[in-house]
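**Student:** So Swiss-Prot has the following annotated:
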- 1-14: topological domain 'Mitochondrial intermembrane' (TOPO_DOM)
- 15-45: transmembrane segment (TRANSMEM)
- 46-59: topological domain 'Mitochondrial matrix' (TOPO_DOM)
- 60-87: transmembrane segment (TRANSMEM)
- 88-227: topological domain 'Mitochondrial intermembrane' (TOPO_DOM)
- His161, Cys196, Cys200, Met207: Cu cation A1 binding site (BINDING)
- Cys196, Glu198, Cys200, His204: Cu cation A2 binding site (BINDING)
- Glu198: Mg(2+) binding site (BINDING)
Amino acid sequence: MAYPFQLGLQDASSPIMEELTNFHDHTLMIVFLISSLVLYIISSMLTTKMTHTSTMDAQEVETIWTVLPAVILILIALPSLRILYMMDEINNPVLTVKTMGHQWYWSYEYTDYESLCFDSYMVPTNDLKPGELRLLEVDNRVVLPMELPIRMLISSEDVLHSWAVPSLGLKTDAIPGRLNQATLTSNRPGLFYGQCSEICGSNHSFMPIVLEMVPLKHFENWSTSMI
């Protein structure tokens, strides 16, 4: 989860988020090198008196500043396309959960079970227990098995929402009349927090998401008790 004054990304808890973090560092390094070069050129132009007023063209330089940006864009695009393909790929999910956005709460349905469904509302500040997080706790958490591929089907009953859990690298729009899908796999157990990431009305800030990733045996016990 995020912390106050945090500057970096949240700790990666899924293979996709690890790839996104590495890609972020890769792209940031390229941007840093380009910015350093541009600042060096600007400072050199401001401080030196050596100019070439008689130079009309420089084909070598023009070739370099045409080819080099193309190479840089390719170096950015190739890993980006690879991650994009990985995010859309869903291989034999063990569980499917349907998520519906409402103003202003989420509802969940475990489609592999006949009657396992519930609504998830934010816990009001006055009802929080010691240690619980303001604006992030819900009355019903989404319990899922860890280290297994899970498919999320995401849609909306009213307006546009967005189902997002940053530490798992998830952000999928919930659009009325359209069913989007995403896949998630958690590397470790724990609580993972997210929020609606699309402005959807006056209570947009009060639509938290809490995923509780547990071992498969614990998930089976929980699902049995809920049915």
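Any Cβ shown, glycine's included, is placed from N, Cα and C.
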**Student:** Write down the Cα-Cα distance for Cys196 (Cu cation A1 binding site) and His204 (Cu cation A2 binding site), rounded and given in Å.
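**Tutor:** His204 (Cu cation A2 binding site) to Cys196 (Cu cation A1 binding site), Cα-Cα distance: 7 Å.
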**Student:** Around the C-beta of Cys200 (Cu cation A1 binding site), how many further C-beta atoms are within 10 angstroms, looking at every protein chain?
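**Tutor:** I count 21 other Cβ atoms within 10 Å of it.
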**Student:** Do any residues at least six apart in sequence from His161 (Cu cation A1 binding site), in the same chain, have a Cβ closer than 8 Å to its Cβ, and if so which, in order?
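**Tutor:** Spatial neighbours, sequence-distant, of His161 (Cu cation A1 binding site): Gly101, Asp173, Ala174, Cys196, Glu198, Cys200, Met207.
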**Student:** Using DSSP and collapsing to three states, where does Cys196 (Cu cation A1 binding site) fall: helix, strand or coil?
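**Tutor:** Cys196 (Cu cation A1 binding site) sits in a strand per DSSP.
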**Student:** What counts of helix, strand and coil residues does DSSP assign across the topological domain 'Mitochondrial intermembrane' (1-14)?
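**Tutor:** Across the topological domain 'Mitochondrial intermembrane' (1-14), DSSP assigns the residues as follows: 0 helix, 0 strand, 14 coil.
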**Student:** Which whole-number mean pLDDT does the model give the topological domain 'Mitochondrial matrix' (46-59)?
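**Tutor:** A mean pLDDT of 73 is what the model gives the topological domain 'Mitochondrial matrix' (46-59).
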**Student:** Across all the protein chains here, work out how many other Cβ atoms are within 10 Å of the Cβ of Met207 (Cu cation A1 binding site).
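**Tutor:** By my count, 27.
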**Student:** I need to check the long-range neighbours of the topological domain 'Mitochondrial intermembrane' (1-14): which residues 6 or more away from its ends have a CB within less than 8 Å of a CB in the stretch?
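**Tutor:** Counting only partners 6 or more residues beyond its ends, the topological domain 'Mitochondrial intermembrane' (1-14) has Cβ contacts under 8 Å with 20-21, 24, 133, 136, 166-169, 184-188, 190-193.
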**Student:** In the topological domain 'Mitochondrial intermembrane' (88-227), how many residues does DSSP call helix, how many strand, and how many coil?
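**Tutor:** Residue counts in helix, strand and coil order: 21 helix, 61 strand, 58 coil.
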**Student:** Just how many other Cβ atoms lie inside 10 Å of the Cβ on His204 (Cu cation A2 binding site)?
**Tutor:** 17
**Student:** Would you list the other residues of this chain near Cu cation A2 - those whose C-beta lies within 8 angstroms of the C-beta centroid of Cys196, Glu198, Cys200, His204 - in sequence order?
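**Tutor:** Result: Gly101, Trp104, Val159, Leu160, His161, Ser162, Ser197, Ile199, Gly201, Met207.
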**Student:** Taking 10 A as the limit, how many CB atoms besides its own sit near the CB of Glu198 (Cu cation A2 binding site)?
**Tutor:** 18
